[in-house]
Amino acid sequence: MRDMVRWFLLFILSFMLIGGKWAFAADVGAMLKAMTDPAGAPFYPITMQVLQVLTWMLHILFVYTSIGGLFFTIYGFTKKEERWQRLAKATLELSKVSVSLAIVLGVAPLLFYQVIYDPLWYTSANLSAWWYILFIVFLLVGYYLIWGAYFTKNKPSMSMLMSILGVLFLLLVGFIIHVVNYQALYPEKWVEWYTDGGRTMNVSGWNIYAFNVFRYLSFLVFPSIAVTGVFLMLYNWYFRSREDMDKDYLDWAGKVGARSAVYAGIGWLVSHILYILTIPADWGAKGSIFTWLSVLGLVLLAGVVFSSQKNPVKMAIPSLLAGSVALLLIAIFREYLRIASTARFGYSIYDYKLNLEFLSPLLFLGTLLTGLVLYAYAWWMAYQAGKTPKGKVYEASETEHHLGELSVFIVVLWAVVFIGVGLIIVVRNYT
Amino acid sequence: MDVLGFYPMWYVPVVGSATIIGIIASLHVLASHTSVGASILLAYLATKAYRENQPQIYDYIKKYLLTLLVFSYVSGSITGPGIWFSATVANPRGISALIHNFVWVWAAEWVWFVAEVTLVYILFYTLGRIDQKSWLRLAWTFAIGSWATMYIIVGILSFMLSPGHEKWFTTGSILDAFYNKNYFPHLLSRTAYMFAIAGVIGLGIAALMKKDLPEKIYKDIVKTLSYWGIGGIVFGLMFFAWYVSTLPERSLVMLEGVVPLYLKVSIMLTILIVLTYFFLTAIRPQVARFWISLPIFILIFFLGVFPEEKIRETIRKPYVAGEFVWVNQIVSRDVPAKGIESEVPVIDQKGLLTVNAFVPEGLKKIDSQNEIMAGKAIAILQCSGCHNVTGSTGLRPFGQKFAGMTDPNVVYGFLAGYLRDNPPPYMPKFVGTDEELRALSAYIAHMISNGGSVSAKIEVPNTSAEAKKEVQP
């Protein structure tokens, strides 16, 4: 009899647990669904998802070289040695250009993310609204400090001070975006956070509700050093063919990069695993193939840079490839976390309401093809100019001139089509 | 749970969240118009340098490019996403409506944005390091690419004001939405003004380099910039007049009756000052000075661009996107083509507090204990897009609008007659239950009774049964 009562109570308890969770999940699920934009997605969500992953990867690459570049600059300026001073200036230049690229490349993943994960993005940003605005302010201040460091690069102590302040601001910016992305993964807590357990509405926008130090270290701090390390190996590889460059310095810089990449790569791997251990069990993330692929990617990168120690030049391109694979797998893992987090509440981006439309994707495709021709020409010319010794002018070959003409032609063609279509529509609709 | 898709609300006392967008947007307009205008001016000057074999012009171009990098491309490229960021927190459902309609168009703009930013660096670093013909090609693709970012964003800005044509609501076609009837005048007017803005900066740089440039080259550059500037302003005014003629009826009513006169006067005054400066420098290039250009540039920001942004925001009201999302983020009309339904009937029936997941349970059922706080929550959710709802200063403050109204019944009578049954063209109608309108009235009367200013904090009374249920574990 006692056993029966015990089993009966256990049954009730488990029913309450499961039933309670179901009921709760249904609530959060309904909220997420209600938050999706009524206009629906103008194209298949999977396309947005793939583009988001790929463009985030490009964006984060330059985030890493922005922050990592400054780490090297600061360290370099603390050394008296001439080659360290020289390296500090080179990485400062890298950081300065990288911030611009990180900003411009960061627009795309955010765009695609907002179309399929609007409930996550808008809610999390609004929970910490002032911080979200301060992201812009801190980035602006940080970037001007980096320019300040660049203009004072011949006064190392001043330049170092500005670099230190600059990197602190960039890390703060990274902290804010980390918080916003991390809070987004916990929809079950949003209402509780915002209403302080039902007692108020936190309309001030000053609250920060969640932070995970391992995620911050593994997504931002360690990779910054590791990726910039690989960049230094490429720096060695790219400039060594230029006759006016000091080969010894370049070889040394490559070695510094390779060594830093190994140490930071190990830190990256460890913090990544520690982060994985903090993911709640009900996400099922620890047993997922995507989780382990991301770990494998980091092991691959650490392995390749470890074997590059003796000859960084030879291994520069393989390291770049290994780094790209690792970054892609991390980007996929990061996206998988969103799927795992929202799947708990029955939310799937693949169920997003569709309002299919083909003209604007066509516009994007046409613009992208135009852009690719232009990028190819411009970047190729920049690559050639960089290979040319100082004081000399690079004369384009006939093929390069043809590519130049093609890029001007295709850009003009794009503008003509864009304006032409507009004229036709305006005449059709308004006359 | 029966909820609509509202997000957590952010409330900025006194100035309001819209002002935050306004400041960031104005900075961006100034920086981006400078850079787009300069890209075309510089490509033209580079062509002149190449054709007339005047390599010293390249020294000027290099300096201008550096200025662009430091000013326009730092502040412009950060404040561009900054407008987006601020709109995300100030008006998430408005920006979401735009993104979900125009994501691919924005993605196309991004292609040009990447081209623009990479090219400005490439142009700067390769000047004098690759042959002139190749550099010139890069300069022109940079110019057209920069301008292309404007082609694209102007269509989205036009749509924010109005889809232009009723057709869009039934076709949902991106072309009908994008190529509004005010698209071309809007694009041309911005294009013209950007030459004037870039010209002002250009004159300052030329003045700084005066002693390093041969006199003839210096005069040539200053005159070129002045002519482009004069042309920019004259054509800008013409295109602006055309733009006004294409505005929807409600915007014209607001432009005439609601937009304060001082905003219009300050823009006209700025235009006059800039035009005078260009005339003087065209006649006597020596007049160009850095210490004249810089204050004029700052003047353009405060007295030209910021008022222009304010006017644009005002004449868009009561909507924030496409004449179907109100400034308080409520979807106010059906868009059959997209399957969008107005939320007004549901909110009128169930209550605004009930359908918002981020309102605490203790405020959803209104009683005598929580009425004031429920009213404050409604004021923040429904009115704070345009009003300071907790004070007597700043953005159209409640403390002034309701001055002397300390009786809840009087406030109720006013709100019911004015805002629920017969709203003015620039304001959304009040939506929600009658009980909610009474709570809002009680809050306003309470606030006025307390001197017209109260804290923005919302406290759910402990006596509320629902609140207790939420708080207790």
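Each Cβ is built from the backbone N, Cα and C atoms, and glycine gets one as well.
Annotation source TrEMBL lists domain 'Cytochrome c' at B:370-448.
With a threshold of 8 Å between CB atoms, the same-chain residues lying at least 6 positions outside the transmembrane segment (B:20-44) that come near it are 12, 61, 64-65, 68, 71-73, 75-76, 79-80, 82-83, 85-87, 90-91, 116, 120, 136, 139-140, 142-143, 145-147, 149-150, 190-191, 193-199, 201-202, 224-225, 228, 232, 297, 300-301, 305-306, 308-310, 313. Residues or ranges marked as transmembrane segment in TrEMBL: B:20-44 (among others).
Residues or ranges marked as transmembrane segment in TrEMBL: B:64-84 (among others).
Taken from TrEMBL, the feature transmembrane segment covers B:104-126 (among others). With a threshold of 8 Å between CB atoms, the same-chain residues lying at least 6 positions outside the transmembrane segment (B:104-126) that come near it are 35, 39, 62, 65-66, 68-69, 73, 77, 80, 135, 138-139, 141-142, 145-146, 148-149, 152-153, 155-156, 174, 178.
Here the transmembrane segment (B:138-161) has Cβ contacts under 8 Å with residues 32, 35-36, 39-40, 42-43, 46-47, 98, 101-102, 105-106, 108-109, 112-113, 115-116, 119-120, 122-123, 126, 177-180, 182-183, 186-187, 190-191, 194, 247-248, 251, 312, 315-316, 320-322 of the same chain, all six or more residues outside its ends. Taken from TrEMBL, the feature transmembrane segment applies to B:138-161 (among others).
Feature annotation from TrEMBL assigns transmembrane segment to B:191-209 (among others). Tertiary proximity for the transmembrane segment (B:191-209) is limited to same-chain residues at least six positions away from its ends with a CB under 8 Å from its CB atoms, namely 30, 33-38, 40-41, 59-60, 63-64, 67, 71, 147, 150, 218, 221-222, 225-226, 228-229, 231-236, 239, 274, 277-278, 281, 288-290, 292-294, 296-297, 300.
Taken from TrEMBL, the feature transmembrane segment covers B:221-241 (among others).
What TrEMBL records for B:261-280 (among others) is transmembrane segment. Beyond the ends of the transmembrane segment (B:261-280), by six or more residues, the same chain brings 196, 199-200, 203, 226, 229-230, 233, 236-237, 287, 292-293, 296, 299-300, 303-304, 307-308, 310-311 to within a C-beta distance below 8 angstroms of the stretch.
Within the chain carrying the transmembrane segment (B:287-306), a Cβ under 8 angstroms from the stretch's Cβ atoms is held by residues 22-23, 26-27, 29-30, 197, 200-201, 203-208, 222, 266-267, 269-271, 273-274, 277, 280-281, all 6 or more beyond its ends. What TrEMBL records for B:287-306 (among others) is transmembrane segment.
Below 8 angstroms of C-beta separation, residues 21, 24-25, 27-28, 31-32, 34-35, 38, 42, 95, 113, 117, 120-121, 123-124, 127, 201-202, 205 of the same chain, each at least six residues beyond the ends of the transmembrane segment (B:64-84), sit close to that stretch. Counting residues 6+ beyond its ends, the transmembrane segment (B:221-241) has Cβ neighbours under 8 Å at 37, 41, 44-45, 48, 57, 60, 185, 188-189, 192-196, 199-200, 202-203, 206, 213, 271, 274-275, 278-279, 281-282, 285, 288 in the same chain. For the domain 'Cytochrome c' (B:370-448), the mean pLDDT of the prediction comes to 96.
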